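Peer 1: Dropping the structure in here first, questions after.
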Amino acid sequence: MSPTPLVPPPCPHCRRGSCWTASTPPTCRCTPTRPSTSSARRCEPPDTPPPHTPHPDTAGPHPARGESPGGGGVTPLQRPPSPQSAQYGSCSLRKMGAMEALELLDQLVDESDPDVDFPNSFHAYQTAEGIRKAHPDKDWFHLVGLLHDLGKVLALFGEPQWAVVGDTFPVGCKVQKSVVFGDTTFRDNPDTKDPLYSTEYGMYQPRCGLENVLMSWGHDEYMYRVMKFNRFALPKEAFYMVRFHSFYPWHAHGDYLHLCSEEDLRMLPWVRELNKFDLYTKQEELPDVQQLRGYYQSLIDKYCPGQLCW
């Protein structure tokens with residue numbers, strides 16, 4: 001079944017503004033939850049590949065933000081990785097299975113999302129079940145629905161929610177009007193006055209491809225790094241959907257298309273398909289997690305088994 005057209009999402013200012021004050025510039029009221037991490041173990045890159053074979057649709061490596069892009073899509077003025085990317089991108093914080101990470105989200109309510117007031121773990125099952133009903137033959141897509149927000153565990157590792165949740169956007173080029181609070185929060189940002197970074201293309205070349213674009217750090221990029229580091233046996237579409245599902249200025253508003261490659265445009269319908277279920281499966285009636293757990297554990301065992309590095 002091909003992805004169906006996306007219903008335009010609600011105004012991003014209404015959807016994503018619940019954690020901000022009305023001051024100018026706005027400030028965030030988010031407060032992080034900090035569980036004990038005394039038992040955390042550092043992860044090292046695996047000496048040998050994991051026991052499962054990569055999905056045949058997975059095409060090659062997925063360059064991480066801030067790494068040297070293979071296509072030479074940016075200028076020599078490319079910025080270094082952010083401190084968060086350097087700290088968390090190596091996936092050396094702790095080890096745990098995917099289901100354990102999902103259960104951690106029992107402790108997290110996303111304060112940037114006014115549509116939910118229940119733990120994010122329930123939203124994961126709601127999204128996955130919506131996808132399962134619409135795409136019964138794509139079990140890997142069911143798993144993507146379950147795992148797409150697991151990067152939010154960063155808010156349980158000591159990061160404030162404003163640095164983890166919410167929409168993402170490219171840095172190093174002009175901020176488009178569709179970026180949430182873009183007309184207020186960037187007033188004092190020196191990039192807006194920089195002769196390069198304030199231009200439409202900024203430090204990038206036309207159609208350089210999103211894999212060569214430095215994005216604002218958040219749970220999307222972190223979970224993508226976890227998937228890549230642990231070699232999830234999922235198709236390339238899965239990596240794309242997780243990495244860019246919060247990039248609303250692109251997939252919901254049509255901005256930043258001048259930076260997109262043909263591959264990005266081919267993947268766009270899949271990102272929109274995930275977004276449809278991410279947005280429109282939220283409901284007060286919570287799923288029976290105990291009944292569903294066995295099925296989704298079988299998908300974890302198939303595509304990303306065992307202890308993972310985070």
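Placement of Cβ uses the backbone N, Cα and C atoms for every residue, glycine included.
Straight out of TrEMBL:
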COMPBIAS  1-12  compositional bias 'Pro residues'
REGION    1-89  region 'Disordered'
COMPBIAS  21-40  compositional bias 'Low complexity'
BINDING   His123, His148, Asp149, His219, His245, Asp278  Fe cation binding site
Peer 1: Under DSSP, is His123 (Fe cation binding site) part of a helix or a strand, or is it coil?
Peer 2: helix
Peer 1: I'd like to know which of these binding-site residues, His123, His148, His219, His245, is least surrounded, judged by other CB atoms within 10 A.
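Peer 2: Looking at the binding-site residues His123, His148, His219, His245, the Cβ with the fewest others within 10 Å is that of His245.
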Peer 1: May I ask which residues of the same chain, at least 6 positions away in sequence, place their Cβ under 8 angstroms from the Cβ of Asp278 (Fe cation binding site)?
Peer 2: Thr127, Gly145, His148, His245
Peer 1: Helix, strand or coil at His148 (Fe cation binding site), per DSSP?
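Peer 2: His148 (Fe cation binding site) sits in coil per DSSP, no helix or strand.
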Peer 1: Would you mind checking how many other C-beta atoms are within 10 angstroms of the C-beta on Asp149 (Fe cation binding site)?
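Peer 2: Its Cβ shell of radius 10 Å holds 25 other Cβ atoms.
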Peer 1: DSSP secondary structure for His219 (Fe cation binding site), reduced to helix/strand/coil, please.
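Peer 2: DSSP assigns His219 (Fe cation binding site) to helix.
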